[in-house]
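> This is the structure I want to talk about, given as structure tokens.
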Amino acid sequence: MNATPKQKKLISLSQFILEEQLKIPHASGEFSALLSHLVYAAKIVGREVRKAGLLDDILGATEDTNVQGETQMKLDQYADNAFNQSLKICGHLCVLASEEHEDIIPIPGGYNIGKYTMAIDPLDGSSNIDTNVSIGTIFSIHQRLEPNSKEPGNERDLLQKGHLQRCAGYIIYGSSTMLVLSTGKGVSGFTLDPSVGEFLLSHPNMQMPESGDIYSANEGNASYWSPEVQAYLQKIKSIEGGKKPKTARYIGSLVADFHRNLLKGGIFLYPNDTKSSKYPNGKLRLLYEAAPMAFIAEQAGGMAVTVKGERILDLTPKDLHERTTLIIGSKKEVEEFLTFVAK
């Protein structure tokens, strides 16, 4: 007689956070409450993303540009507003920063000042919205420099090294909506069950494969890359000696490309180039793109460095929108890249 298969225990994000909180002596619950406000906004954004093809007022571009000089998509503005409104009045932040705002977003008067900071890219990969490609939200949480202060936070509270992050993660809006996060004790993935409106633990203890066969890069710019990066690219594509070349997979959405490589193994490259003098140090933002993704990568056993070989998590941002190069992925793949930088 066949035994009845053991039913998988479903753990909600709320339960997971509570259980983790109980492991910390004298935990106040402030951090858990902050995450609940983040998740609430993510559910709202995810709902609108799923309906994007049906609503004329969500798809397409606006006439506005953000601080980066990029044309804002309608869903960009919607996502920014959803996270902004949910987070700045939650009572657990002292200051907030967003890709869509040039300056810090202060906590409005009359609301509690918390001990955490958050930097967020409300909608990464938004240029892909109209083509139904996976997009995402990236966030980074630090504890403020003076955790007992009840004064509003400032830019200094945000400009901390990546390895000091208390939590980092991303939400990917794809065939399902998934939240991947780390509080410095490994990486966990939660998938949204729309029938109950809860994120459920679907990927416990996520580990990036030590090596992988995938590389992700915009090779259309390869001629503008440094000789070292070009040499590395030729090496991984080479069939010399009967070697199997790596497979190219590039979506053009950092969250989507990274998420695939986190699960399957591989390397993502976004070097600087000579195509334009606008981004001499790279294009990705250190504070709310590179640093949180690097935190996730390292917690999952991977690596993240600049094109010069600097560890991303050791860099101190000089301003909110500082840009950087990013080489991130499986440990052995990044280590191989570093051998070309060292030459």
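Numbers here mean position along the shown chain, with the first residue as 1.
Keep in mind that glycine also has a Cβ here, set from the backbone N, Cα and C atoms.
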> Write down the one residue from GLU289, GLU298, GLU310 that Swiss-Prot lists together with ASP121, ASP124 as binding Mg(2+) 2.
GLU289
> Please pick, from GLU99, GLU100, GLU102, the residue that Swiss-Prot records in the Mg(2+) 1 site together with ASP121, LEU123.
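Swiss-Prot names GLU99 for this Mg(2+) 1 site.
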> ASP124, GLY125, SER126, SER127, ASN218, TYR250 bind substrate in Swiss-Prot, but which of LYS161, LYS185, LYS283 does that record place at the same site?
LYS283
> Can you count the other CB atoms that lie within 10 A of the CB of GLU99 (Mg(2+) 1 binding site)?
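The answer is 24 other Cβ atoms.
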> Is it possible to get the count of other C-beta atoms within 10 angstroms of the C-beta of LEU123 (Mg(2+) 1 binding site)?
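Other Cβ atoms within 10 Å of LEU123 (Mg(2+) 1 binding site): 30.
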> Taking Cα atoms as reference points, which of the binding-site residues GLU99, ASP121, LEU123, ASP124, GLU289 is nearest to TYR250 (substrate binding site)?
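Closest by Cα: ASP124.
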> For the Mg(2+) 2 site (ASP121, ASP124, GLU289), what does the 8 A shell look like? I mean other same-chain residues with CB within 8 A of the CB centroid.
GLU99, GLY125, GLY136, THR137, ILE138, TYR170, LEU254, VAL255, LEU284, ARG285, TYR288
> Counting every protein chain present, what is the number of Cβ atoms, excluding its own, within 10 Å of the Cβ of ASP121 (Mg(2+) 1 binding site)?
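For ASP121 (Mg(2+) 1 binding site), the count of other Cβ atoms within 10 Å is 28.
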> Please report the Cα separation of SER126 (substrate binding site) and GLU99 (Mg(2+) 1 binding site) in Å, rounded to an integer.
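With the alpha carbons as reference points, the distance is 12 Å.
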> Which of the three DSSP states, helix, strand or coil, fits LEU123 (Mg(2+) 1 binding site)?
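Strand, per DSSP.
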